[in-house]
Each structure stands twice: as structure tokens, then as C-alpha cells.
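Worksheet: one structure, shown below.
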């Protein structure tokens, strides 16, 4: 068989049976090479077809990296340089790691942070019940281990909680307010607490209080008919007898009866306790089971307070002598606001913003004590708390009118704190007289310092540089300056040159009106009257109650470090809670709050009217038509209106 060689000349292909395919292939290749040697010179493409790749006698001048082809010299130089740089960098790191160097320590904590550490210690000293091993107050031990159980008329486990002051009574009204205030400070300033290593400590303090409050009523029920309002008695007007004010003895040695005072119509106490549990539920929101338990208890308490109207401290009762409540309307606003933040249920917001309720609470009239925030009066705090809602969420109708009123009233209260206004007098040393010269002023001062600081931070977080007092505009820094001057007074910048916080500074009260601190832990059990010698002693307390803020000076900046005069030297739970809140707000180099945590349970707000459904349908219709022409930015802006 003959074919035609495409390069010129005949090509015979043998079909002999003896030839194999391999032999024929080799013959063909031999013929091709012979033709190449005898015919004209072929170009490179033709050679590649027939001969395959040519032998590489020299190294390639280029390197194919897939995406690019680079010069071999450049490639080798680049790789070599990279390796050299890597070795050099490793050598430098090795030298830096091995050579000794001076460590730059963080700057020392500011005065407010130092004071904060100490102020929190006071709560450790006030614990009732089984004291944990890490309590860090060596002279305290287990006490009140039969509270509630030893009262035959109650037979309820009321072990735990906190003693109120220098005595051994557990007053639930100021105790629950103290826990509310501490929780509020944690919600706003948890980052600051964490930065100074106190977040776990303050949360443990709060939980010690809320665990006890849950014991004082049937917290698992939806409806209750009573609350244990107080453990222990202090009334000595009926003659001598062993009780928590007549006897001067360590709480660990108490052997006299401690009756329980229950209330069946106590709207003020129930609403304050509801506020306390609701606020704490936000603090412990990451512990879902406990948080839900707190919320349920708060709902039950608030329902009880609303249905069974009355003050917890009627005339003649033991609480009326020491922590008499002047009304419960402010607690309704306060408790309703906290329950709204804890649950997102707008029924609580509707209640807290009811004009009639606000009127009864005194929101629309002045009076000498207007703007004073305390364990008895919650209105100023509630107004600041609800102003927060207006500043950051702006819920609009139907809440806007009353929220605007609360915001305006808050601005007026802040104006009253400034020295250029005459709402409150000041001592010559500069202490604001929120209680108009009456004894024990510091507990009111620290609460005002906290409100001023937190409201200042609200304004800054809302990009608002200040607020108006009539025609005059004041910057937020003025509020912080007010708070600082008041706290600085307490920490020693006063005519006495004395710190009113025990353990802070070089000079502080040494004769604190406090049973546990004034009696040595020496193994001797002093009876009811046996401890009087320690009460009346002129010697300093054998135990230092670190972090206790005493009652404070008089209206002339005078102070008497006398154990028997509680108006000067007795600390209280509520007073220290306000101090802690003010200190954490002022501590650190930067101001600022956590804008979002308090709104964790609050759902997005939409108009609450009969047209909501049709409005949403219209919104969906508009988006369906204009979607191709809207960027995501425009869509989000539209949805946020």
C-alpha cells in the first residue's frame, strides 16, 4: 500500500503479517528522521510535531510561576532575600526576647478606683447568714442562722441578706433599694467594674441580696398575700428589753429573739423589691435560669403591690421609726420602669408613663425635697431612667409627652445641683445640703453625684453636648465637676481634712457606730449589756470596717468621731450603695456607659395603634415596588423611621 508523504516523496506502508505495530511505528520514525536529514530544513513548529521537545542543554533563563513568568535571576534573588530577611527577623526577635528590659507598669489607679475597692468591702462586713471563706473580713463569722425559723408565727427560712447599719436588723426596704442601685451601676458601667477586677465581686454582692429577697415571699407563685419586711426589732421606747438596738453585741453571739415583721398591704416595699429583682435580672441575663427566676419574682411582687395598696410602715410599726415610707407612687413609677427594661412588656411602660401616676408621685410640683433621690424617694431616679429611654430609643406616641416631661424635669433637677442656683444650700466647705441641714447628709449626696454622672454620660452617648437651665446652656462637664467636688469632699477635701470613707486616706473615723467592728473577736461572748462597755469606750474600734461611709458632718462641716452618736459615725447599706455607684461612674480615664445592655429585653418599637397592620402592609408594598432602586442603606433608613 502506498501513501503520500506530506513532506515530499512516496511512503510505503507494509501490511506484512510478520510486522508488529511497534515495529511499524519504529520504521515510521526512522523514515521520518531520514527524511529530515535529506530534505529541506524544518522550522521549530514542524520539528516539534515530529521530534517532540528538544533536549535542554542549558538552564532556562525564566521561571514559570503559573500566573507570571519571571527571570530566573530575579526569582533566585527574591527568594534569597526573603530567606535572609526571615533569618534576620528571627535573630532580632531572639535578641529582644532574651535581653533583659524594664517593664512599663500601668499607671496607678485613680483615687475613685482606690475608693471603689474599699467601698465594696463594706458589703462583705454586713453579710448575715453563713459567711463564705473568701469574704475577706476576718472578724466576721456566721450569724443569724435561725432567722425566720425561730419565729413560731412565721417559720420561714430567712437566713442571709445584709444587716442594715451598725445594728443587726435586716430592713428589706433600704436593702432592696441598695441592690437596685448596685445593679443599675453594673448595667451602665460593667466594663469599668471589669477593668478594675471588681465585676465578679459586685455581682456576688448583688446576688447575696437578691437570693435573700427571694426568700421573703413565695417567689415561685404568681400571686402572694404577704412579704417578710424586716427581721429583728429596734424599738426601745417601750422599755428595756433585749432587741437589736438595746443590746450591743456581735451578730455572731446574738441569743435573744429576732421576730419577723410581715406586711399584707405594702405597695412601696413590694414595688421596690420588684425593681431590685428586675434590675438584677438584667445583670444576670447570661444566667438564663436565675434571670428568669428574678423576673418572675419581680412580676409577682409588682402585681401584689398594685392590688394590695398600702404603705409597709404604718404608724406604730417598727419600720415607721427607722425607715418610714412617705408613699408608694414613686415606687410604682420606679418599679414599672425597671420591669419594662427587664421584660420588654409595654404594659409596664404604659403604667410608668401614666400622667396620673406621675402626678401622685410629685412629678409636676416642686417642694423642698424635689430632686432628692433616696431609699424613700425614687422619683428623681425613675425620671433619669426613663429619660434614657427617650434619648436612645425615642418610642414616640403615646409615650413621648410624658417622657419629654420626665426629661425636662430631670434637666431641672440637674440645674438644682449647680452652685449658681439656690435650690439647695451648701456648707462653707462646699457640701450640698440635700437634706437641708438635717443629720446624715452623705447618703443623699452620693446619690445625687451618681445621677449627675450617669445623666452626663447619657447626654454624651446621645451626642448631646449639654442641657439648658432656662436660657443658659451648660456642658456635660459641669455635671461631672459637680459630682467630683462632692465625692472629693467625702474622700478628704473638706474643712476637717478627713476622709469619711473608713480605710481611705491617712485620717478617717476610728469610732464607727458598728457593733461588730467595736467588739474584739477574742473568744469572749458578751451578753446584751456586757457589750455596752465597748459601745461607750473612748478607744478606737478594735476592728476596722474598711469601706464604710459614715453618716457625715453637720451643716457647719463639723464632725465628731464618737461611737455613741450615730448621726455622725454610723454607716448604712443604702449610703454605701450610692457611693459605689458614684465612684464607678467617675472612675477611670474615660467616661461612658453601656448603651445597649439595659435594652436587651426590649423589642423593636412600632406604632401602637389600630393602623399598625395596614401600615406594615403599605411598607411591604412600597418596598416591593421600589426595591430595585433602593440601596441597603436606604432600606435600613426607611425601616428605622
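Start at 1 and count along the chain as shown; that gives each residue its number.
The backbone N, Cα and C atoms fix where each Cβ goes, and this holds for glycine too.
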Segment assigned the feature region 'Disordered' in TrEMBL (from 1-26, 27-52): 1-26
Length of the line joining the Cα atoms of residue 513 (active site) and residue 570 (active site), in Å: 5
Neighbour tally for residue 561 (active site), based on other Cβ positions within 10 Å of its Cβ: 17
Residue 561 (active site) to residue 570 (active site) - Cα separation in whole Å: 10
Fewest Cβ neighbours within 10 Å, where candidates are the active-site residues 513, 570: 570
